[in-house]
Amino acid sequence: MTHPQTIALVESLDHEGRGVAHVDGKTLFIDGALPYEKVIYSSYRKKPSYENAQTSAVLKESFMRADPRCPHFGVCGGCSMQHVEFTAQVAIKQRVLEDNLKRIGKVKAERVLTPIAGPAWHYRHRARLSARMVAKKGGVLVGFHEKSSSYIAEMRECHILPKHISDLIMPLREMIATLSISQRMPQVEVAVGDKLDILVFRNMDDITDADFAILKAFSDKHGAAERPLQIWLQPKGPDTCYPIYPLDAPKLTYSMPEFAVEMPYYPTEFTQVNPQINAVMVARALKFLDPQPGERIADMFCGIGNFTLPIARSGAVVHGMEGSQPLVRRAVENATHNGLQDKVSYEMANLFDVTEESFAALGKFDKMLVDPPRDGAVQLLKAITEETAPQRIVYVSCNPSTLARDAGVLVHTKGYTLKAAGIINMFPHTAHVESVAWFEKTGPCKTRKEVEEIEALEAAEREAAKAARLAEENAEKARKAAELAEKAAAKEARRAHYFAEKARRDAEEAASDQ
């Protein structure tokens, strides 16, 4: 389908890395466009107040524009910002964080931190690749999904995966095609550890002896004695995965030498995808937390102990809480593995359902580290009272909008000051923003009545903004309806004029004939 093309001047980037422009009162989100560029765009989704569009041509380039390294960029959904110069990516993400803090949380950090950034390429040590037999493509495809699509990108290489893993994409495509269950193996999970690599194949049917021989040969060919390539199968959910070859491989681990910590983990368990940046992130978080011997510190959403164990190395006593029982078990094992079992304790808890009473029951914490998923930790932070408030909170975030919301709760209702905040470029060439923020208790908590008044005011502001948007949309609809009515009236006038003229000419011709 051919879409109409128009010119726009791009003003900024949104949180997904799309160019933002305004044309005829509408907000445009334009894939592939950068701030200060003049582009020809083609709209592919239209709503009353906004449109989604694709860049067709760049008439005036931004100083931020770079040539994408990957030949699949623009089709593959694995990256969205390879067309942006690397240092500009970092600056854009920092601006996204600051804008969210100001707009959503109505807060400003006393200090903006220098961004944490590392290697631009080959950083991703965990990935979930899709696999599918596609007859039209002549075989099996292995890779990330295409942008905004369920189709798998036809990939031959990937510049964000480690080079030796990228080199496996084509051999994987060829090998899977030879399996008896090639059409029943929809996913390959990749895990790159300190001493080995693991491929977890999601097998929806049992493999045959011949399939096992093929997988074994693949491991032998592409692994090495000093760095094995271990094959795992996953017949159902993530907890069902198990190794099949080689069985004498070392454990899958990542390390943080600065804290003398080694973390064993399963390939399907959550860990940070960028181990270099993870180590720097942990170091920065602990610098702000400043754990001291004898302090009691909480690690909320602790996972397998990524922050818990480095904190415990300081001599502090750490209590980790996590909503997944398998991750809690792994965290306990990792504490023992590192000889820190006497310094840490863990429990499973739903941290999205914390109350003032349940938080108080945990006892007083001197400090707290929070590392929630994208939904944030608003319920946990609302449960803090004057009696239970930690003196310091370090918040590690994977979503700047929920961090901003939660920062608003801490600053405006719990008596905290946002001392510092900055971004962590955990995912180069994507719009994903990780960040860290340091809060210090400097004032009293608001009373419950005061909090209710603040929440009521915020709710009223949201409703007013919603009503304003609705009124704007209705006004736009009315304007368009008026335009259509005007066009229809003009068309009808032209039609009436045509027939009137025709009738006049017919009458003149009839008179002339007489």
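The backbone N, Cα and C atoms fix where each Cβ goes, and this holds for glycine too.
DSSP assigns Cys398 (active site, nucleophile) to coil, not to a helix or a strand. What Swiss-Prot records for Cys398 is active site, nucleophile.
For Cys70, Cys76, Cys79, Cys158, the entry in Swiss-Prot reads [4Fe-4S] cluster binding site, with the evidence type sequence analysis. The Cβ of Cys70 ([4Fe-4S] cluster binding site) has 19 other Cβ atoms within 10 Å, all protein chains considered. DSSP assigns Cys70 ([4Fe-4S] cluster binding site) to coil in the three-state reduction, placing it in neither a helix nor a strand.
Neighbour count (other Cβ atoms within 10 Å of the Cβ, all protein chains): 21 for Gln272 (S-adenosyl-L-methionine binding site). Feature annotation from Swiss-Prot assigns S-adenosyl-L-methionine binding site to Gln272, Phe301, Asn306, Glu322, Asn350, Asp371; the stated evidence is sequence analysis.
For Phe301 (S-adenosyl-L-methionine binding site), the same-chain residues lying six or more positions away in sequence with a CB closer than 8 A to its CB are Met321, Glu322, Gly323, Leu351, Val370, Asp371, Pro372, Pro373, Ala377.
Rounded to a whole number, the distance between the Cα atoms of Cys79 ([4Fe-4S] cluster binding site) and Asn306 (S-adenosyl-L-methionine binding site) is 26 Å. Just so you know, of the binding-site residues Glu322, Asp371, the Cβ with the fewest other Cβ atoms around it within 10 Å is the one at Asp371. Under DSSP, Glu322 (S-adenosyl-L-methionine binding site) is assigned to a strand (E or B) in the three-state scheme. Fewest Cβ neighbours within 10 Å among the binding-site residues Asn306, Asn350: that distinction goes to Asn350. Same-chain neighbours of the [4Fe-4S] cluster site beyond Cys70, Cys76, Cys79, Cys158, judged by a C-beta within 8 angstroms of the site's C-beta center, are, in sequence order, His72, Phe73, Gly78, Gln82, Phe144, Ala153, Met155, His159, Ile160, His429. Cα to Cα, Cys158 ([4Fe-4S] cluster binding site) and Asn350 (S-adenosyl-L-methionine binding site) are separated by 37 Å.
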